[in-house]
Amino acid sequence: MSRVSDTFAETSSVYSPDHADIYDAIHSARGRDWAAEAGEVVQLVRTRLPEAQSLLDVACGTGAHLERFRAEYAKVAGLELSDAMREIAIRRVPEVPIHIGDIRDFDLGEPFDVITCLCFTAAYMRTVDDLRRVTRNMARHLAPGGVAVIEPWWFPDKFIDGFVTGAVAHHGERVISRLSHSVLEGRTSRMTVRYTVAEPTGIRDFTEFEILSLFTEDEYTAALEDAGIRAEYLPGAPNGRGLFVGIRN
């Protein structure tokens, strides 16, 4: 294995408590607007299924998108694998059920008019087969004519090898910095993210390692189509990587 592979060998896609604790603050400082992102999804759904009444947000994270979704749909639910992220979501939207589960094999036993998988969560799947498991499971939980929305990670031709970026957030009594460095290895991007948190009790830092698959547009589309979801790719918004929007046959 290469040095990069050795570093990432034990990487988990489940967010740690340290990461969950500062997630909203640092990504808000980076320009994320969850209400606006959710609003864009609502508009896309409205043009395809104006009568939609229920929505499931898989890999819902801290529940930031659910705050907007709950104002738009009669029935809203979330799904999250990380205990730390799920606990924040439960506090944020206590009236919304937040289920624990893996996006590849969860079973809620009921259909939804809309299912969203945002924040490039599908790219944490290591293989195309796992990506297809995700889309098949989404299709199983979609009502006929229901709408699926997936936000991808970068396509292989758009990824910048060696990309670095940074941000600083001032949040209450805390100052949080984030530095990241991403490299290409095979069909994946491997990102090292270093955080420093300064707070009244002192300064602490920690490092996260993230592996994200560089699936192609065709691979996402085929995974959706083969699951029985007619899909189209809409480039650009909300975060530069676009969205896949599909309707279940």
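Using the three backbone atoms N, Cα and C, a Cβ is placed for every residue, glycine included.
Taken from Swiss-Prot as is:
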BINDING   Arg30, Thr165, Arg178, Leu179, Ser180, His181, Ser182, Arg241  substrate binding site
BINDING   Ala59, Glu80, Asp102, Ile103  S-adenosyl-L-methionine binding site
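Overlay of Swiss-Prot feature records on the structure.
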| residue | record | Cβ within 10 Å |
| --- | --- | --- |
| Arg30 | substrate binding site | 14 |
| Ala59 | S-adenosyl-L-methionine binding site | 23 |
| Glu80 | S-adenosyl-L-methionine binding site | 28 |
| Asp102 | S-adenosyl-L-methionine binding site | 15 |
| Ile103 | S-adenosyl-L-methionine binding site | 23 |
| Thr165 | substrate binding site | 11 |
| Arg178 | substrate binding site | 20 |
| Leu179 | substrate binding site | 15 |
| His181 | substrate binding site | 14 |
| Arg241 | substrate binding site | 16 |
Which of the three DSSP-derived classes (helix, strand, coil) applies to Arg241 (substrate binding site)?
coil
If you measure Arg178 (substrate binding site) to Ala59 (S-adenosyl-L-methionine binding site) at Cα, how many Å is it?
22
Which ones in the same chain are close to Ser182 (substrate binding site), with CB under 8 Å and 6+ residues apart in sequence?
Phe159, Ile160, Asp161, Gly162, Phe163, Val164, Ser189, Arg190, Met191, Thr192
Spatially, and counting Cα to Cα, which of the binding-site residues is closest to Arg30 (substrate binding site)? Options: Ala59, Glu80, Asp102, Ile103.
Ala59
Long-range neighbours only, meaning 6 or more apart in sequence with Cβ under 8 Å: which ones does Ser180 (substrate binding site) have?
Phe163, Val164, Thr165, Gly166, Met191, Thr192, Val193, Arg194
Between Ala59 (S-adenosyl-L-methionine binding site) and Leu179 (substrate binding site), the C-alpha gap once rounded to whole angstrom:
24
Determine which residues of the same chain, besides Ala59, Glu80, Asp102, Ile103, have their CB within 8 A of the center of the CB atoms at the recorded S-adenosyl-L-methionine site, and list them by sequence.
Val58, Cys60, Leu79, Leu81, Gly101, Phe106, Thr121
Using Asp102 (S-adenosyl-L-methionine binding site) as the reference point, find which of the binding-site residues Leu179, His181, Arg241 has the shortest Cα-to-Cα distance to it.
Arg241
How many Å separate the Cα atoms of Leu179 (substrate binding site) and Glu80 (S-adenosyl-L-methionine binding site)?
25
